[in-house]
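Following: one structure in structure tokens, then a few remarks.
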Amino acid sequence: MEYFKNVPQIKYEGPKSNNPYAFKFYNPDEIIDGKPLKEHLRFSVAYWHTFTANGTDPFGAPTMQRPWDHFTDPMDIAKARVEAAFELFEKLDVPFFCFHDRDIAPEGETLRETNKNLDTIVAMIKDYLKTSKTKVLWGTANLFSNPRFVHGAATSCNADVFAYAAAQVKKALEITKELGGQNYVFWGGREGYETLLNTDMELELDNLARFLHMAVEYAQEIGFEGQFLIEPKPKEPTKHQYDFDAASVHAFLKKYDLDKYFKLNIEANHATLAGHDFQHELRYARINNMLGSIDANMGDMLLGWDTDQYPTDIRMTTLAMYEVIKMGGFNKGGLNFDAKVRRASFEPEDLFLGHIAGMDAFAKGFKVAYKLVKDGVFDRFIEERYKSYREGIGAEIVSGKANFKTLEEYALNNPKIENKSGKQELLESILNQYLFSE
């Protein structure tokens, strides 16, 4: 059965094309710096937003029209979604997809029944993977939707819930390995608190670390060689989440001796919810060798929640890819479109239009970022700006030779301090030149 009959194979036609079902900037086979653009970007489709989101919001009923809506049995729906998914993957020619365990198969009455459902759908996906060019970027477990996780999963006050969450992650790790997943993600949507009046924060954080160590041990036991990732987010659905931002997660991993096993999966909209630029989170992760993968989306700056829009801001995609290029490119990670069509964009074809928009935006951003890095535009300015640390007293500070006494002596004998302009306006103008040069 063909689920998206009105959508052709999506191909590159160039920036002058008026075809909505064509790439304008993303030419997957274009060679840049010795390898195809598709290998630089490593695009991925998010199974949840693309195939399970129905358009429900706190004020209204579902709006999405999907070709599998006529099915009523949850397993029939799950099977139809797999068929539709691989049709979409093929027509978009994306190299990867990501999933939660509960995205691909429905939850049963018991954990055994749920695992049986998973086994059925995983077997079906494995058959598709034998002939598909699309592979699994990462898998994860949904430890936030079911009411059992009302108080958290690994940080729940109820040890029975901790045990259930462990069993669920055990199974999710197994199927991610079985499907050839290159990474495994932890996102703690319910790992946090609503009020400290009823919260043992110390125990919760200790338990979260215990949980992650158990995951590492089991992954090693079964031979899973994928990269473990944690995805920071400051809030929503929980008031305060422990994985608040890149720095918070890094500190947590360092404290509990987990940093050698984990990297970060940075999401644009989560960064803005934490009060940071997307580039800030990427930069922090990169300079600490913690940048593993990216959830590509954007938020609405006028709204205070996670809108998960398709990324269409070229400035944002350029600065994001600047950080990726500066780190030497992705290893096992990629650009996963953790994005959903708007509630009013309810037609099946909109799923393709959203991905085309995001893929074009990141392709354009990559090309601009590559030129910025190659030309050393910002590097030269930064090198000049900090040159005082390469000579004289600055070199002594950096080398560790200086101390408060020597610095005081220097300051007493150097009464005149001269600062130079940061030239922010000039640099932003230069960035615009590169953005609009094509």
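Cβ atoms are placed via backbone N, Cα and C, with glycine included.
Its Cβ taken as reference, His100 (active site) is surrounded by 20 other Cβ atoms within 10 Å in the chains shown. In the three-state DSSP assignment, the secondary structure recorded for His100 (active site) is strand. Among the features that Swiss-Prot reports, active site is placed at His100 (among others), with the record citing similarity to another entry.
The active site annotation in Swiss-Prot covers Asp103 (among others), and the record cites similarity to another entry as its basis. Within the same chain, the residues at least 6 positions away from Asp103 (active site) whose Cβ sits under 8 Å from its Cβ are Tyr47, Trp48, Phe51, Thr52, Asn142, listed in sequence order.
Per Swiss-Prot, Mg(2+) 1 binding site is recorded for Glu231, Glu267, Asp295, Asp338, and the stated evidence type is similarity to another entry. Within 10 Å of the C-beta of Glu267 (Mg(2+) 1 binding site) there are 27 other C-beta atoms, taking all protein chains into account. According to DSSP, Glu267 (Mg(2+) 1 binding site) is assigned to a strand segment.
DSSP gives Asp308 (Mg(2+) 2 binding site) a coil state; it is part of no helix or strand. The Cβ of Asp308 (Mg(2+) 2 binding site) lies under 8 Å from the Cβ of His49, Asn269, Asn297, Gly299, Asp338, Ala339, Lys340, each on the same chain and at least six residues away in sequence. The annotation Mg(2+) 2 binding site is assigned in Swiss-Prot to Glu267, His270, Asp306, Asp308.
Look at the binding-site residues Asp295, Asp306 and count other Cβ atoms within 10 Å of each Cβ; Asp306 has the fewest.
With respect to their backbone Cα atoms, His100 (active site) and Asp306 (Mg(2+) 2 binding site) stand 18 Å from each other. Considering other CB atoms within 10 Å as the measure, the emptiest surroundings among the binding-site residues Glu231, Asp338 are those of Glu231. A Cβ within 8 Å of the Cβ centre of Glu267, His270, Asp306, Asp308, the residues given for Mg(2+) 2, is found for these other residues of the same chain: Lys233, Ala268, Asn269, Leu273, Asp295, Asn297, Gly299, Thr307, Asp338.
Using Cα positions, the member of the binding-site residues Glu231, Glu267, Asp295 nearest to Asp306 (Mg(2+) 2 binding site) is identified as Glu267. Using a 10 Å Cβ-Cβ cutoff, His270 (Mg(2+) 2 binding site) registers 30 neighbours.
In the three-state DSSP assignment, the secondary structure recorded for Asp338 (Mg(2+) 1 binding site) is coil.
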